[in-house]
Amino acid sequence: MSEIALTVSLLSLVAVIGLWIGHIKVRGVSLGIGGVLFGGILVSHFMTQYGVKLDGHTLHFIQEFGLILFVYTIGIQVGPGFFASLRQSGLKLNAFAVMIVGISGILVILLHKIFDVPLPVILGIFSGAVTNTPSLGAGQQILTELGGESITAVMGMGYAIAYPFGIIGILLAMWLIRIIFKINVDKEADEFDSATNNKKDGLSTMNVRITNPNLNGLMLQEFPDFELHEVVYSRIKRNDELFVPKVHTQIQIGDILHLVGTKTALHKMQLILGEEVNVSLSTKGTMYRTERAVVTNEKVFGKQIRQLMLKGKYDVVISRLNRAGVELVPNGQMTLQFGDVLNLVGRQEDIEAVMAIIGNAQQKLQQVQMLPIFIGVGLGVLLGSIPIYLPGFPVALKLGLAGGPLVVALILARIGSIKKLYWFMPPSANLALREIGIVLFLAVVGWKAGGNFLNTLLSNDGLAWIGYGAIITFVPLIVTGLVARIYGKLNYLSLCGLLAGSMTDPPALAFANGIKEGNGAAALSYATVYPLVMFCRIILPQILAILLWVAG
């Protein structure tokens, strides 16, 4: 059997066993995708006994490529909501994440001083305990710069010992917090969805009768602050006639307007217009219809809604715009992106004409544009390879193969499309690539750790190393988790994403995502803290190495 065939076969075996382990539940809790790591350790242990070895370069490529796929698809998934999240709760989340990083750094110093743990060992344990491979590389580089090249190899051993238990510690922290606070996951998910919809311009409707005499005879576009209130006038009822208003429609006293917008904007507009009334303005039984259409025509990507001149040509109004699950109030300045879902109100023939303009080709939503994926991955790898020089540091910092693709994916997902290129990915395709990536990554990590795992575990102070790693992993997580839940009132699912992101741990994120399928809280908080945490995790071992090396 060729080297490639042997590698693929054994990693497939690792994936099968690991995924099976991950499905085993103990009191309703399972390792999930993290089981692949232990599948790798198990298979590697027995294969080593028979002298089976795999090519290191091949394994390294598979591991890094899997990680790139995982973080890139995560960025594409959460990108549309990431920047809004920064404005809403990002400061709090990042503060807690930095708290976790800071506590772990303090613990490294204490363990090094109290138990006289060699510097290369404690730095390796630190990197494994926080499940951060770039941290290991940064620590090895700085030790080499400081003249310790001959002892950096031991860092890898400390990393391998601490890494598996680093993942367990994160899952254990999530589980204990769930037990301590008697968390109802469904309730937490509902609260997150409700709060997120409110924060992200979740839309409501209101019917208002015009009673303000100052508005009589005015056109809609002449209303005070017409564009600033972020309200859509989707229907108007005059006597018994229902029709779709246009910007030049003249308003009369007694007209009833159907408004769409945020609750705050609706209330402000109601104070200007008149009184709220409980009157039906349904399109049922009339010549008007309400339809949902998807933007798929590349000719309208990046165009402002007003450039389509729908209100001038057609008896149609766009009452809502849904982008990546977030409902927005459409206005003339808003640009259209691939996958935007528009709520159209108007005559059937006019709605059909508008659908023809924007595309509404549902099958395109299931198609994957491969070119943007490889452009994004390539740009991400380039960004991760750019050295960042800071005064006083002998080694250039880098985002690496994990941080670079993530940052690029977040930006591209936020942009949405550039001419004919769009970075929308069907959820099924995104999930498939993400799961394949994390399985490849974990299978290789488990294989590398499993060969001499038991020997290392039972010798060379292996048990003590495990203890140090467990402290570095667990204490910052549980302390910050308790503080965030009690004083920060953080949603449990968001907290799980925070814990996973603070350790830059994809398996923990996969576990957190599995706590409540289909809820994006964990992924969103993970992506919110990941860029800053990755930067801190790369810098911290260098700072620790310099401080502890100088201190002797």
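Glycine too: its Cβ is placed from the backbone N, Cα and C atoms.
As annotated by Swiss-Prot, domain 'RCK C-terminal 1' applies to 193-275.
Swiss-Prot lists 277-360 with the feature domain 'RCK C-terminal 2'.
Per Swiss-Prot, transmembrane segment is recorded for 4-24 (among others).
Listed by sequence, the residues of this chain that lie at least six past the ends of the transmembrane segment (28-48) yet keep a Cβ under 8 A from its Cβ atoms are 10, 13-22, 164, 167, 171, 175, 435, 438-439, 442-454, 507-508, 510-511, 514. The transmembrane segment feature in Swiss-Prot is assigned to 28-48 (among others).
Swiss-Prot lists 65-85 (among others) with the feature transmembrane segment, giving sequence analysis as the kind of evidence.
Sequence annotations record features per position, and here Swiss-Prot assigns transmembrane segment to 95-115 (among others). Nonlocal intrachain contacts for the transmembrane segment (95-115), taken as residues 6+ away from its ends with a CB within less than 8 angstroms of a stretch CB, comprise 122-123, 126, 129-130, 464, 468, 471-472, 475-477, 479-480, 483-484, 488, 490, 498-499, 501-503, 529, 532-533, 536-537, 540, 543-544, 547-548.
The transmembrane segment feature in Swiss-Prot is assigned to 157-177 (among others); the stated evidence is sequence analysis. Only residues 6 or more beyond the boundaries of the transmembrane segment (157-177), in the same chain, are considered here, and those with a CB under 8 A from a CB of the stretch are 29, 31, 34, 37-38, 41, 120-131, 136, 183, 445-446, 448-449, 453, 456-457, 460, 462, 465-466, 468-470, 472-474, 477-478, 481-482, 485, 492, 495-496, 499-500, 503, 505, 507-508, 511-512, 515.
Long-range Cβ contacts of the transmembrane segment (370-390) within its own chain (Cβ-Cβ under 8 Å, at least 6 residues beyond either end) map to 68-69, 72, 76, 396-409, 412, 421-423, 425, 539. Feature annotation from Swiss-Prot assigns transmembrane segment to 370-390 (among others); the stated evidence is sequence analysis.
Look at Swiss-Prot and you will find 393-413 (among others) tagged as transmembrane segment.
Taken from Swiss-Prot, the feature transmembrane segment applies to 438-458 (among others), supported by sequence analysis.
Beyond the transmembrane segment (463-483), the same-chain residues lying 6 or more positions past its ends with a Cβ under 8 Å from any Cβ of the stretch are 96, 99-101, 103-104, 107-108, 111, 115, 117, 121-122, 125-126, 128-130, 158, 161-162, 165-166, 169-170, 172-173, 176-177, 180, 457, 495, 499, 502-503. Under the heading transmembrane segment, Swiss-Prot lists 463-483 (among others), citing sequence analysis as support.
Taken from Swiss-Prot, the feature transmembrane segment covers 492-512 (among others).
Annotation source Swiss-Prot lists transmembrane segment at 532-552 (among others).
Packing against the transmembrane segment (492-512) from elsewhere in the chain are residues 31-34, 36-37, 67, 70-71, 74, 89, 93, 96-97, 100-101, 130-132, 166-167, 170-171, 173-174, 177-178, 181, 183, 185, 188-189, 192, 402, 435, 438, 441-442, 473, 476-477, 480-481, 484-485, 519, 521-530, 533-534, 537: each is 6 or more residues past its ends and has a CB under 8 Å from a CB in it. The helix, strand and coil residue counts that DSSP assigns across the domain 'RCK C-terminal 2' (277-360) are 22 helix, 29 strand, 33 coil. According to DSSP, the domain 'RCK C-terminal 1' (193-275) comprises 24 helix, 27 strand, 32 coil.
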